[in-house]
Each structure stands twice: as structure tokens, then as C-alpha cells.
Amino acid sequence: MLQTTWIALVLGFWSSLYLLDVFLKSKKSVARPYLSFLDKTGLTISACQVRWYTCIFNRVFLRVGQWKPHFLRIWFTLGIIFSLLAMVASIFLLSLLVVNTLRQAPVEHQVLTPVMPGVNLPTNQISYYMLTLLVCGILHEVGHAVAAVREQVRINGFGLFLLLLYPGAFVDLSTEHLQAVSPLRQLRIYCAGVWHNLVIAVLAALVLLALPGMLVPFYSLGASVVVTDVVPNSAVSGARGLKIGETVTRINDCHIKSISDWSACLSTSMQEKWTGHCLPLDLIKELDASPFNTLANKSHSQWEVIDCCNSTSPTHLCFMYHTKKSAETKYACLPARPATDRPMCRLQSDCYVPKIDAACVYPAVDNETKLLRVFHGQRPPLLFLGHPLDLYYSVSLSNYVPKISIIPLNLPYVIETFCKYIISLSGALVILNVIPCYALDGQYIFHAFVELALRPAVPDPEIRSLIFSLVILFGTLLLLINVVLAMWTLLF
């Protein structure tokens, strides 16, 4: 879908929702019931944003925050140590990126990359992205809430929001209680969200590593790959093409036990110059359906593409070969399946059989076109004629082959994709939130750290405030520069 279409759909949705909200609030006959409904449900609609606020989780946070107080105290103290180290590392990393960009040094990976549906986020990945962002946001705010209960700070409520296409969560803490506790206790609360983002990223990585072992009772690994999707109207779709749920075991004589083998076999087929099949000369003459017998007597360039079948049949293909008696290139229109069922060869010598005249016949096609035999399921091999990359992009495969048909085919892919998104997005939230920048956790973390670490050495609150403001200004500018650089790289 075009980028402009996405923008139009998003703006159209939010404009319609906002105008509907304004209309219902202004119309006397429905204004009171509508406002009552918003008040009871905790919904709030504003420009490009919907918020939901509730107090129903307060008791849950209270119970969790009072569970094993000594353990939680150590747990959130570890969060302080990690967050402060991550703050230093993030500042260094983003500063290095800016310096390398200004020096025009090569940057292999952009640290912060804006995610835009239809630009660098495929439409079929939007659901994974939004769900992961919501889960990471909720667990981030749950960390703040539990730490606040542990430090005896009142929780007013919890909420979710949708800003344009980006979901998130928030927790409403009592400002008076928060300002009344010591800087160390404030740090435990402020650092809890970032700390929980790290923990869930590590847990997702562990699940990703343990996934093959976890799925062994339900899926087979290391014997073949399974087809999970086929592009409609592609060269491998249709009645004789690949079917979803079929296993793929070989391409020509290259065995496939994993997706990496599939890629390697296709790469090998692209690099091979000639791959043919051994046929006795008597069989070639018997099967030859060439409409013009004089074709073999004509001279042709080695790289010239010959069609000796002249569209005789969709099951026939033009092959070329040489004989022992003559170095002249000969052509024959042969039925593709019987010809390719014969032993494979790469040189004429591969077809040597005593007392039998045989030739290695090659498809008469250009250098980039290959004839591949794809062994799949229990059916005859699929004959693919074309560029191997077309085959690669026409089918999706998985290493996990279900042991019985009722087991979901795409479950491993869903788990893998979800874990990868959690690792990526949760890690990005760690880098983003610890930066000492206005409106981010880093602002409050650094303020509490300044009050905790500098108060004995710098008793003047105005000097501490100046130090805090300068660092926050630097962090804000640093983050903005990186975002601008990322947007420039993405769009230009």
C-alpha cells in the first residue's frame, strides 16, 4: 500500500473520530448521556489520541508491591545500578553516532530508527509491532507502579492510550507522595520501568534460544522444511505447484534440512554454469519433438537462447547437447519431466556408460535462467524454470514441521517474530528512556541522582539545578539530532 494511502487512512480515521466526539458533546439531546458514558468508562478523546483511565488495578499493584519487601528492595536497587550505567552508555552511543555522521564516517547500523507503517514496516507486521509496543509499555508502567507501592507512594490509577498508530500505557502516581520520599527511593521508582524493559528483553531472548527444545514434542526439526505460504499467481502456485503444509527436502541433488540450506541451495544453483541430465542418444531421438530437424545443422552462438520446441507443448523444453562424434551443438525438444528424471550431470564425461552412447543434455536457456527440480511432499518433483531468486521470493518456509496436522503451522513463526520484536522494541525503550531528556524517564532519573549524589558536595540548590538543566538540555538536543538523522536516513 502506498505511503500516501496510509497517511490518508490514518488522518481520515482520527479526523472522523474527533469530529464525532465534538458533535456528540455539542448536541444537547445526547451530550449528557455521552459525557456520562465517557466518565464511567474512563475514555478520553482528543486530537489524534484516545486514552483509557481506570482504578481497578490499584489493588493488584498493592498486593504485588507488598509481596516479599526485602526481595523487591534488592530487585529495584539493581534497577538503579543498571539504569545509571545504561544512561552513560546511551549518551556515549548516541554521541558517537552524531560524531561519526559529522565526520562522514560509515555507520553500519542506526541506533534509533523511526518505525513508519508502509515505509520500513511491512503491513503484515503492523499487528506484531503494535501488540509488542503495548506489552512493553504496560510492563514498563507496571514496574513503576510496583516500585511506587514498595516505596509507599500512592497510585491514583492506570491507563492505556493510542497516539496515532502508537499504543502505550501510563501510571498516575501521587505527586505529593513522590516528592516527599528520599532521592534514593525516587530512583527505585523512576528506574523500575527501564529495568523491567531489560528483563523482558532478556526473557524474550531466552525463549527464542529455547524455542527449538520447547517445540520438539510438537514439531520435527533437521529433516526438512515446510511451506507456510505461497505467493498467489507466482511460478510455484497452482494445482501442480507448492502447497501450504508440504515439506521440501531437495532442490536437484542439494538436500534441504533447514531454511539456511534452502538459501544455500538456491545460491549454489545461481553460481552453477551448467547442470544437465544423462540421456542415451537413442532415447533423445525417440523423445525429440522438434518441428524442424534442420535446427541442429544451423550454427548458433554459445550464449544464444534457442527455442527448438516453438511452443510445441507446455510440457516440453528445448535441450542442447554434444556427441562424441561431433563437437557441434545439437538441440532436441524433449518432454521436461522424463528428461529430468535421468541422472544429473555437469560434464559429458559424467554420462559415460560402457557400450551405450549417451549425452549430457542441458536446458537451452540464458545464463540466469535455471531448471530446478524441487522435491516436495509425496508428489512428483516441481519443475521450476526461471531465476532462482523468483523461487526464493515466491514461497515462505519454516524449519518447524508439525508432527500432526492439527498443530498450527505458523505458531513457531508467531512466537519467533513476537520475541524478536520484544527484544528490539524493549531494548530501544531502554536506550530512549534513560537519556536525560525532557518528558522521558531519564529526566527524573537524573534529577533524583543529582539530589542524591551532589547534595553533600554541592549544597546550593541553584547550582544543582543549573547542572541538571544543562545536562537535560544536552540530552534533549542529542536525542533530537539522532531522530533527525534517522528520519533523514529513512526518507532520503
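A Cβ is built for glycine as well, from the same backbone N, Cα and C atoms used for every other residue.
For reference, TrEMBL has these:
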DOMAIN    129-466  domain 'Peptidase M50'
TRANSMEM  6-24  transmembrane segment
TRANSMEM  74-99  transmembrane segment
TRANSMEM  126-143  transmembrane segment
TRANSMEM  155-175  transmembrane segment
TRANSMEM  187-211  transmembrane segment
TRANSMEM  421-446  transmembrane segment
TRANSMEM  466-491  transmembrane segment
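Residues of the same chain lying 6 or more positions beyond the ends of the transmembrane segment (6-24) and with a Cβ under 8 Å from any Cβ of it are 30-31, 34, 45-48, 50, 117-118, 164-165. Beyond the ends of the transmembrane segment (421-446), by six or more residues, the same chain brings 83-84, 86-87, 90-91, 93-94, 111-112, 128-129, 132-133, 135-137, 140, 186-187, 190-191, 193-194, 197-198, 200-201, 204-205, 208, 468, 471-472, 474-476, 478-479 to within a C-beta distance below 8 angstroms of the stretch. For the transmembrane segment (187-211), the partner stretch with the highest count of Cβ pairs under 8 angstroms, out of 74-99, 155-175, 466-491, is 74-99. Here the transmembrane segment (74-99) has long-range neighbours at 107, 110-112, 143, 147, 150, 184, 187-192, 194-196, 198, 430-431, 434-436, 442, 445-446, 449, 475, 478-479, 481-482, 485, meaning same-chain residues at least 6 beyond its ends whose C-beta is under 8 angstroms from one of its own.
Per-residue pLDDT, averaged along the domain 'Peptidase M50' (129-466), amounts to 88 for this model.
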